[in-house]
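Q: In case it's useful when we look at the structure, here is the feature table from TrEMBL:
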DISULFID  220-241  disulfide bond
DISULFID  319-340  disulfide bond
DOMAIN    57-172  domain 'Ig-like'
DOMAIN    174-269  domain 'Link'
DOMAIN    274-366  domain 'Link'
């Protein structure tokens, strides 16, 4: 779904009941939701409406959408505030950012009071105030991780007056179904979280799975999502996948028991800090030989999530089946052809062959080692991504 946000800026008149009462209003600006990041419109002003009702409370309305970046990138979470009268002591203004999960669990991210600032947990060393003009409570997050995806709350407080607003951070990436070598429907919720982490990914959200379905993902096995629900996407209804006469969509089993029930997993991964490649060799190898071959090439055997990211983002296309770190054999197809598995693009999966006796090629992953170069590239990408955010 594409939201069209007009470029006109509307102004609302504040009705001030008591001049001595200080109120704060948060202005949250965000970029458009778009199925394809390359289609993001640049340089548009996001419309934000703020008004004060008869009770003196502040109502905040934000432009629809999310701010979008990728793993390893840099992004601004936009937030502005207004207070009456304007000659308030800025050292008494507290700005707090919190991450809010679907289960309404709160994780402290950043807090600032006057000139004092503090970052928390995994955000230490990665978050800072943007400070663009008066009333700016926006924060910049550097070196975005998969775990940064989600919903953030911006709270501005002055003595007893406060208000909050929400910014949603989305990541460019790919959703993929996963089951281990032990077979299908073997994972409880916690095990599903773990196998996704092992494959350089996280459990996907419903929004991410729904977007993947809109882009054509069709999978007949139900899998865990990050909120504890179990779902699966069907683009081509058929009797073995919930009846042929049922409409296409994302089937939902609801929230299941996280310890006792067993399903597959839907994982999500994003941009790679490195390169996946098929190691060209004169002969095919078993699994142990494949691991050693990547090591001799100053790389490691690739994970499933890394192969999917290389296919989706780096457009890796290879008709050669190769070992991956979990013992599966797969190959990525961007341009479908008959001799490479049929008419659909995707990552072909040959399952989990015998590691000792079966012979294939291997996909290796070489991590970028020039951290300064990566940071410069992330900042360049961020400027391009954030050019659509005007405060």
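Yeah, the Cβs are placed from backbone N, Cα and C, and that goes for glycine too.
Please situate the listed features within the shown structure.
A: Counting only same-chain residues at least 6 apart in sequence, those with a Cβ under 8 Å from the Cβ of residue 241 (disulfide bond) are 220, 232, 234.
For the domain 'Ig-like' (57-172), the predicted model reports an average pLDDT of 85.
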Q: As a quick check of your reading of DSSP, tell me how many residues in the domain 'Link' (174-269) are helical, how many are strand and how many are coil.
A: 22 helix, 30 strand, 44 coil
Q: Are there any residues at least 6 positions away along the chain from residue 319 (disulfide bond) with a Cβ closer than 8 Å to its Cβ? List them or say none.
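A: Correct list: 331, 333, 337, 339, 340, 341.
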Q: How does the domain 'Ig-like' (57-172) divide up by DSSP, counting helix, then strand, then coil residues?
A: 9 helix, 60 strand, 47 coil
